[in-house]
Amino acid sequence: MTFEVGNLPYKCSRCDKAFAVRQNLVRHQQIHSRMESFQCNHCEKVFNQKITLKSHINTHFGEKPYQCSQCDKAFAQKSLLISHSDTHNVERPYQCKKCDKVFKLKQTLIRHSKTHSGEKINQCSQCNKTFAYKSILVKHQMRHTGEKPYTEKYSYKCNKCDKAFSFNCHLKIHMKIHIVEKIFTCMQCGMAFSEKGHLTSHLKKHTGDKPYKCSQCDKAFSHKHSLKAHNRIHTGEKPYLCFHCGKTFSQNRSLKGHLTTHTGEKLYQCRICDKSFTLKHALVQHQRTQHRESKLLKQQM
């Protein structure tokens, strides 16, 4: 049996969510009951376990009962100690002499060390500008010579149309416009997907299942990779480097989007009017304003 979006029979009495299957409603309602179980008297935070509340209360009084057995650091919460302990277990032989950061790869340490020294040894012979990386200097010098490095390097060609791209990751993004058939449909909201794995991932939005919890704040995520990306907010880690300008990013998707500012490629194409955009959010905004009533758009969403 299928239901129209907005006409699902099992409605939650505590929020505006609705479901096609009763057991999904029951599972969803457990979220409300869990969150109301244990509230902190010192702030407005609530927790689904008493032990989690006790651990949280330590943060108000500055108590740090969880001591690391391998160094002299201590933590207010057990989860923070567990997260810290991983830094001892992971083999990272390259340590920075300026700070206590350690790295798996020597080249990562070298790149990090330049943030302390401000070292920029690659100097342009035309204008005396200096750069931390030789690859950035090479790209900069092309501005003086008038050489256009990107237009001749579209080596990743689409086998469905005549478009070509500078990077393989950009070709993969483009290929999605050729995947029209979406046979896996969500019975709760009507969204359709071309792969079963994408549907499975999407269903977690309806169940509210967020098993991956951040050990440094109260955020939780449906997917492990989302937690890993979020953790970089706390660590300040930006492992994705643009070799054209030296900018670094905490997420790979941010780097991919940034690369288009160098190449001028417009990866995100509207299936309805064929207009293309450099950034994904620009495509989404275009579709919402220009094609709001389109049936094809509703199928994609």
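Residue 1 is the first one shown; counting continues down the chain.
Using the three backbone atoms N, Cα and C, a Cβ is placed for every residue, glycine included.
What TrEMBL records for 10-37, 38-65, 66-93, 94-121, 122-149, 156-183, 184-211, 212-239, 240-267, 268-296 is domain 'C2H2-type'.
Residues belonging to the domain 'C2H2-type' (184-211) score a mean pLDDT of 78 in the model.
Long-range neighbours of the domain 'C2H2-type' (212-239) within the same chain, counting only residues 6 or more positions beyond its ends whose Cβ lies under 8 Å from a Cβ of the stretch, are 45, 77, 79-80, 82-83, 108, 201, 204-205, 248-251. Remark: secondary structure over the domain 'C2H2-type' (268-296) totals 13 helix, 4 strand, 12 coil, with classes taken from DSSP. For the domain 'C2H2-type' (240-267), the DSSP counts in helix, strand and coil order read 12 helix, 4 strand, 12 coil. Each residue of the domain 'C2H2-type' (212-239) gets a DSSP state, and the totals for helix, strand and coil are 12 helix, 4 strand, 12 coil.
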